[in-house]
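Data block below; observations after.
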Amino acid sequence: MNVMKKQIMGRSVAALIGAFVLAFVHQYLFYGNLPGVSYPLFVLLLYIYLFHDIRHQLLEIPWFGWFLFTVIMLLSMTYVIFNNPFFYGLNLVVIPSLVFVHLAYTRGRKKHVWWSIRIVGEAINHLIPQSLRHIPTVFRIIKVTAIRKMGIKQKSVMGKVLIGLAIALPLIVVVINLLASADGVFTRLLEAIPESLNSVSLGDSLMRFIWIIVFGVLFFGYLWGFVKPSYGKSKQVMTIEKDKVGKETAGFRIDPIILVTLLISVNIVYVLFVVVQFSYLFGAWDGVLPEGKSYAEYARSGFVELVVVSLINFVILMVTLFYEGESETGRLRRMNAVLLYILVGCSGVMLYSAYMRLVLYEEAYGYTYIRFLVHAFMIYLVILLIIAALRIRSRNIPLTKWYIFISLVAYVFMNYLGMDRVIAEKNIDRFRESGIIDAGYLSELSTDTIPLLIRFSKEEYPEMKPYLKRRFDKLVENDYRWPSFNGSRYRAIKELYPYVEAPSLK
């Protein structure tokens, strides 16, 4: 028993030391620095720390665990490769959230399947209550290792040293004052000490020290929440959910007659709308527009409403697929399926109409972040609708699994697509056709576009050069340390420097 206690204590001490080492690295990489190459580096170190004690079990991790780890590392690498401000901020939330879910899935005592919503609750449980309950553990470990290992003689010596220091402190204050009054050189020496300490920046050092202490405790608490979790009095914490294909939700069901009534009602309206819409949807390209409408007005009108209605349709579709009750006759079930296909078809037409309106609007007013993201969202929604349509035909398709998998792949794809570069290319193509361009907006896109804009400025639009010169001046204002290194920013500065004939870099 004593041997086992010593092993557990040794393991906890090693974990605590590792936590503070990781916290030291964390403050070095991120204190006063923007995320750059530091981000994927720290994520890798974090995983080494959180999995070091179960490294012999890594091969037992299911495929989705490795897939999610790949997604996390790919998203982390965007801080080195790209410089898009939208994903730069969004990934600060997305990546940690995925890490928490990933840890709950791979290390959590309660084994949930990866497509279960319960895994989110497990992640929150480990992030907050399980981690916080181990904060006192840190101080218990320090107390045991620093005091209990001391013998009676060492404790006595330590007590006497503390008594001696308590007596010496007021005596030293009196002596220093007397010596300073007696010798001017000694006085100047004492006055120089605070000045030298100021150069060390005590405030900055104190903040770094607090940073290390706080994050060290948090890292240890988070790891130890997996090593020593608490689930109250329940002993049965190893719960594994069964994969019930085609039955992701059990219990609550909606009567098929209610669903048929709902679907018939909305489909009548949608079919009427689609019939009317077709005359404008395909006629707009040939100049056939609603009376009194310009291309821009036609594109702008109803766009948001169409997207919202498509989302409502998607919700109706999901509710029907997940919560449709058992019908007494096969005819009622087939009718529901037909009505769902009509709903999917009408939703597809609405999304296509909204997509074309947005294309017309972009041709009139140019391409921006928000318009690009709306395009991407509509394509994503169409893919989800196609999978839902397949699910109507085959109840064996695991809808939740596919949606989670496709959503993760789509998000990584959007990060690596190069949104700024695509926006710049589209605006340049628009300039070639119309002669209209917003050079100021293009110059404020991320540094991913700089090589393209330099080439555009040299070959087609020399008026772009002053904007690029101002952008270069902004880029070189800050002296980034190596943890903030970003390949896109580095490449932009390197290519801008000879083009704008800037003064030599300091």
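Cβ atoms here come from the backbone N, Cα and C positions, even for glycine.
Among the features that TrEMBL reports, transmembrane segment is placed at 12-30, 36-51, 63-82, 88-105, 157-180, 209-227, 257-282, 302-323, 335-355, 367-390, 402-419.
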Which of 209-227, 302-323, 335-355, 402-419 contacts the transmembrane segment (36-51) most, counting Cβ pairs under 8 Å: 209-227
Residue numbers, six or more beyond the limits of the transmembrane segment (367-390), whose CB comes under 8 Å of its CB atoms: 86, 307, 310-311, 314, 317-318, 321, 340-341, 344, 347-348, 351, 354-355, 358, 361, 397, 399, 402-403, 406-407, 410, 414, 419, 422-423, 426-427, 430, 441
Interface-richest range of 12-30, 209-227, 335-355, 402-419 toward the transmembrane segment (63-82), CB pairs under 8 Å: 402-419
